[in-house]
Amino acid sequence: MDKILPSLLAGDFANLGRDIGRMEAAGADMFHLDVMDGQFVPNISYGLPVIEAISKVSNIPIDVHLMTLQPDQFIEELKRMGVAMVSFHVEATHHPHRLIQKIQQNGMKAGIALNPHSAVSELEYLLPDLDFVLIMTVNPGFGGQEFISQCVGKITELDGMRKAHNYQFDIEVDGGINDETAAICRDEGANLFVSGSHLFKAEDPAAAISRLRG
Ligand SMILES: O=C(CO)[C@H](O)[C@H](O)COP(=O)(O)O
Ligand SMILES: [Fe+2]
């Protein structure tokens, strides 16, 4: 089923509770929380205390996107906060399979994110065990960037592998998602749509969310 995940990176950090309530009322399915460490990506967003605060007021599930080196160190804490889904970057760890197992053993769905330069073939031996794949359609680190259209071929490729092997993983897209780019990604097989600046700039977020559903 298609799901729309507002990225709170585009929210007003001085009024996050208000923005969480607005997006829930507008029909958001989950919140997407971007953790950036200033090392893996050239930006620092927010960390565990902010996720914990959000988890206490959110009425919808939380998806955490770790843009950090050593992503394995946060898993138990995220489980304690009731996080539903966690993704980390294949480029950020030497032991992606072990980390998938750790996330799942902690009762959360495990996903791997691919930077725009990374090939789907990196994931070939991980796909049977993954709950979702996050195709980055911008370079990670900032909201409000332009969609990189070469990444769309990776969705097509993943969807083909999913069908050929009857794999069950979801395909999430993140970066520059708006009505037009969501439709392009949906046509190729994506079903989880992260959207930050587009949704938070919308005058009517409920209408924007329903348009993103296609
Ligand atoms: O992971 C991210 C950036 O690294 C964000 O989730 C993404 O950028 C969402 O913002 P926008 O929709 O404005 O592109
Ligand atoms: Fe993200």
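Using N, Cα and C of the backbone, Cβ positions are placed for all residues, glycine too.
Among H65, H165, H198, only H65 appears in TrEMBL as part of the divalent metal cation site alongside H32, D34, D174.
Fewest other C-beta atoms within 10 angstroms, among the binding-site residues G141, G143, G176, are seen around G141.
When the Cα atoms are compared, H65 (divalent metal cation binding site) and D174 (substrate binding site) turn out to be 10 Å apart. Within the set of binding-site residues G141, G143, G176, S197, no residue has a CB atom less than 6 Å from any atom of ligand 2. Around the Cβ of D174 (substrate binding site), the same chain contributes S7, H32, H65, A113, L134, I135, M136, T137, V138, V194, each under 8 angstroms and 6 or more positions distant in sequence.
In the three-state DSSP reading, G176 (substrate binding site) counts as coil. Here the Cα atom of G176 (substrate binding site) is found 14 Å from that of D34 (divalent metal cation binding site).
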